[in-house]
Every structure is written in structure tokens, then in C-alpha cells.
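According to TrEMBL, the features are:
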TRANSMEM  24-45  transmembrane segment
TRANSMEM  52-70  transmembrane segment
TRANSMEM  76-97  transmembrane segment
TRANSMEM  109-130  transmembrane segment
TRANSMEM  185-206  transmembrane segment
TRANSMEM  271-299  transmembrane segment
TRANSMEM  311-329  transmembrane segment
TRANSMEM  341-360  transmembrane segment
TRANSMEM  366-388  transmembrane segment
TRANSMEM  400-422  transmembrane segment
TRANSMEM  428-451  transmembrane segment
REGION    459-481  region 'Disordered'
Amino acid sequence: LCIAFLGPTLLDLRCQTQSSLSQITWVFFSQQFCLLLGSCLGGVFKRTLAQSLFALFASSLAISLVFAIIPLCHNVVVLAVVMAVAGLAMGCIDTISNMQLVKIYQKDSAIFLQALHFFVGFGALLSPLIADPFLSDTNCILSNSTANASSNLPHIRKSLVPHHPGNLSHYDLPMKGMVVTRVSYAFWIMALINLPVPIAVFFLLYKERMVPCFNSSSHPLLSADELAMETRPAEKDDLPTAVQRPHAAGGHDDLFSCCQSKNFRGASYTYFAVHITGALVLFMTDGIVGEYSGFIYSYAVEEPLSVVHKVAGYLPSLFWGFITLGRLISIPVSYRMKPATMVFINVVGVLITFLLLLIFSYSVVFLFVGTASLGLFLSSTFPSMLAYTEDILQYKGCATTVLVTGAGIGEMVLQLLVGSIIHDQGSYSFLVCGMIFGGLAFTFYAFLLFFHRMYPKPSSDLDDASPDKPAVMDDTGQYQR
């Protein structure tokens, strides 16, 4: 909800801060950059369940406070700083939520990851609907040039949906005059909508006896031993605890801890290759999500398609709608299908869809069909790749943090790259870039399959847990209070 909320409201925030379009787009950059930074730092809070829950509580509460403060920011620099704080909180939530699901459910985590990312897409789909009643129909800074500028307003606003700015430098809107906007109400409503989240996390901390002042007044929801039994795969029930502990030990650090030399000792080249190729696949696929949602409207209204602005405005919503639908469908499908198979179907589907979009590039009907198809194929790539990569590494690597960071970098970098290419080469290069990125995603996935075959089998861990050796201590705090 919160990440996608900035795009539709950006023009009204420009009026609130009385800034230019080029200045207000720096607010985008501050949020996206700090979201990426927060994703890298999220792994710091991984050692115990208490640390993770306190970090989620602080991050979700910070988002509510930030959204309540935004209407009071009348300077674009102050607004950028405030949105940067929100970005940090969002990034921490992203990494911690993925990481904890993988740590708790391990082999069964694919279903829960699909459900998690369904709600991510659902929030992105609902967010513009919440903002829409409070957005200005005409230019919200009244001046002599308002009449001329207002005719461009619908086109500019569509360029900002759902949460990516396009090339706005050629638009000239008034910066001085009387400000008329109701966007403050939208942000205060969002702050209230988000408030139950930190309350719910605090209740979970309370029930788990992790709040210092209330340790003796509540009963844990599920004890550590019960949680271990609930989440342990059936085929592993007969294995000694010492065998299972190494599977959880040593992994899920933050990005900077992953880069420490002590984590590289004795690791084979395939260990690094799995991390790198997995991150590169998501770099490409999440990059496609960012660049396609950001530029499909601009592509549609340009020649040769020349789609009417109002009709082209449905394309980003259609794309995000089918991403959400695909993630909903993927929840039961992931129960029956292996993550590796789902990722293969996704990357092949993306490649074929872009090929058909290039072949039928003059068809408006197929543009809508291809947009829906692309949304479906891209929908489950991230959670399926995360579950697959963690399975390969037997939950002993830094896959969650590396993959989340790689996906975030791809979404930022590829959109900037495609924007500059479209500006220089024309709108047709939009589909060509998508085809190239899809081909690279398929290539990196083929390398990942190769390195999976080369990676040491899980049975090698049995030697480490032999009776002659002491049991390995679980330093991840998987079930620690």
C-alpha cells in the first residue's frame, strides 16, 4: 500500500511543496534508494525472533508516523528526507518478513512466500484507489498559466502510476500561486490504515512474553519445541536434532555480514555462483516489472499505436491486477509444483510474451493481452526463486538478503536504463529491451540449474553430525526468544 501510494499523489505533493516536477521526482529517488538500503540492513535483526518482531514493530510504526507527518512537509527537501525514513522502514519489513518465513517453514516456505507476495501485489493494486478521491482534478496551484497546464495533468498523472516516474522534464507547471489540494486527507487515512499493523506486532510480542513489562502476564502462542515439531518436514522427524541444526546455522545475515571473509572459508565456487545467478535472475525479472509498469503507458500513447490517453491509463492497472491474480493462483499451485518448475515456467513465459509483443507490435488488442500475460508470468517469480535458492543452499547461505537486494537494484537500474534508451532510440526500443532482459533472465536461470547440479548434496551434512563430533550450536536463533 505505502510503496505504491507515492506515484498517484506526487503531483499534489508538488503543489504542497510548491516545487517543480524535476525537483519532486527526487522524492521518488530518496524513497527507492533508502528502500534498497533498508533491504540490505534488514538482515541485522535476524538472530532472534524478538529482534525481528521489535524491528517489524518499529518499522511499521515509523511508516504510520511518516504518513501522518507528510501533509506537514511544505519543503521538498524535508519531504525527501521523511520519505527516505519511510523507505528504510519498508526495506526492513521486506527483508525480515521474507527471511522469517524461510527460517520458520524452510522446505514448506514456498506456499507462505506466495501468500506474502500476493498481499504485496494486492496492496499495490488498492493503493491508487484509496488516493484517487483526494487527488486534484485540475492543477492544484492556481495561477495565470493554470488553464494551459491543466490540459497536461491527466497525461502527467498516468506517467506516475503505479509508483515510477517517467521523463517529466518537458512539462512546465506553475510553481507559485494559491495551493488547493486535499491530498493531506489521503495520507492521514493511510496512516490510520497502517496503524493496526504495529498494534498487531506488539500484541504478538506481548503474547510471546517479549515485552519486558509484561513477561509474567501472558502465555506464549506456541513453544519453541512445538514450533519446531509443527514446521519440521515429516521425512526429517527421525533425524537427530544435531543433524537438523546445521541446516539453519550460519545463514540469513545482512548483506554486509555476508561479505565477511569468515563466511567464505571452505565454501565451494558453486556456493557463490548460486547466490549470484539467483540474484541476477531477480535483477532481470523485477527490473522488467519496474520498467514495464513505468513505461507501458508512455509506449502505448506514442506512435505507432497512438492509444487514447484514457484507454492507455488502464494498462498499468491491468498489469498490476494480473500480477496480483497470478500470486493468488500461485498459492495453491505452489503446494503441488516445485519452485524450480514454477520459475522455469515464469522465465519462459516472459520471454515468449515479449517475442509475441514484438511480432504483434501494431496490435492494440494484443498489447492488452500481452500485458495481462506478462503480469501472470512475472507474478510468482520472486517468491518461487527465493524458495528454490534457499532449498539449494540448505538454508545456510545469505540468499534471502542477496536476492531481495538484487531485485531492488534491478528495479531501480533497469528503469533508468530503459528510460534513457527510449529517449534516444524511440518507443519501439521499450519492447526490445524487455526481450533482452527476458533472454538474460532465462540464461541466468539456466546457469542456476547447472550450479544446482554441481552443488554438494544435503547428505554431506550427516557427516558433520556424527556421534564423534559435538553438536553444532544454532547461532541463528531460529527459535530463540
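In case you wondered, yes, glycine gets a Cβ from its N, Cα and C as well.
Contact check: the transmembrane segment (341-360) against the transmembrane segment (271-299) gives at least three Cβ pairs closer than 8 Å, residues 6 or more apart, which meets the contact criterion. Within the chain, the transmembrane segment (76-97) has long-range Cβ neighbours (under 8 A, six or more residues past its boundaries) at 2-3, 6, 13, 16-17, 19, 23-24, 26-27, 29-43, 45-46, 52, 55-56, 58-60, 62-63, 66-67, 69-70, 116, 400-401, 404, 408.
Within the same chain, residues 2, 13, 38, 42, 45-46, 79, 82-83, 85-86, 88-90, 92-93, 96-97, 99-100, 187-188, 190-192, 194-195, 197-198, 201-202, 204-205, 208, 210 sit at least 6 positions outside the transmembrane segment (52-70) and bring their C-beta atoms closer than 8 Å to a C-beta of that stretch.
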